[in-house]
Amino acid sequence: DVQMLREECRIVGKLVGCLPRAPRQNIQLGLPLQLMPEEAKLLVDIGNIIILYKQSYVHSIKISNFFLTLVQQRLYKEHRKEEVSQRMDSIIAGKKAKKRKLQEELNQSKDGAGAASETMDAPEESGSQGALSEGKDGADKDIDSLTVDDIVTTETSAEHSLVQIFTQNPWKESYVTYKDWSYPSTERDILRYRVFKDLWGKGFYLTSGSKFGGDFLVYPGDPARYHSHYIAVCRSQFDELPCLDLVSLGRLSSNVRKTALLCAMDRNRKVTYTSLTWTGLS
């Protein structure tokens, strides 16, 4: 499509994407191709392209990511339950060992508290040991009765869920023709488009002229083979043009070996051109 636009329609556009094999440089760029509004409007007028838009695009992404998060949480919980059920014996044994270790540390802290515990009579001591034994057995019974649902109680939060990245555009079927494009709407846009269309109709190639202080750069052929001959500057014929701006434009175009082209529309909406050539005076 890009080659067709360049060779058959004389629409150059601007490549704005990085090359897959050289992503860390910005000297030579690749797809996608960005079009100026004038280029897109011209292609629509001559019937070479149609402008499409995706309805509720952002809303669709939010809904898709919301349901994706719910699915991830459900799958995570199911996977976690299956994993716990396979290791249930080792999990219960580990909980029992941790419980006994905590109880032993508690007993050691009590033994080192002082001589008060040593003066206790034998019946009371045996009674306390019996209660401790019963408590330990009761704790072990509670651990033995644990189920998978008792262990798997946590869920993943939304910020820890994976982000859905599509490998192809999932909204192709939702494309609809965009018929309400309002370009050109202002007098400035109308002038630029009229100039672009008129120069294009004369067989020229046009690109953005912002780097030389103009609206368009005008080429006699493909920009890959020719230098631009004109710097097109779109100005209303009813606007005042200060002499300093006129001199600056003439000097600039002369220094880069181009001709400044003042483009305007007359009262009949016909595009007119005035060229500026800077010559030295002896």
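Each Cβ is built from the backbone N, Cα and C atoms, and glycine gets one as well.
In TrEMBL, annotation is done automatically, which means it is predicted and not curated.
As annotated by TrEMBL, domain 'TSEN34 N-terminal' applies to 1-48. The DSSP breakdown of the domain 'TSEN34 N-terminal' (1-48), given as helix, strand and coil counts, is 16 helix, 12 strand, 20 coil.
As annotated by TrEMBL, region 'Disordered' applies to 95-142.
The annotation domain 'tRNA intron endonuclease catalytic' is assigned in TrEMBL to 191-273.
What TrEMBL lists as active site is Tyr219 (among others). Cβ neighbour count for Tyr219 (active site) (all protein chains, 10 Å cutoff from its Cβ): 21.
Long-range Cβ proximity for His227 (active site), meaning a same-chain Cβ under 8 A and a gap of 6 or more residues, is found for Tyr219, Arg257, Lys258. If you look up TrEMBL, you'll see His227 (among others) marked as active site.
The 10 Å shell around the Cβ of Lys258 (active site) contains 19 further Cβ atoms across the protein chains shown. Taken from TrEMBL, the feature active site covers Lys258 (among others).
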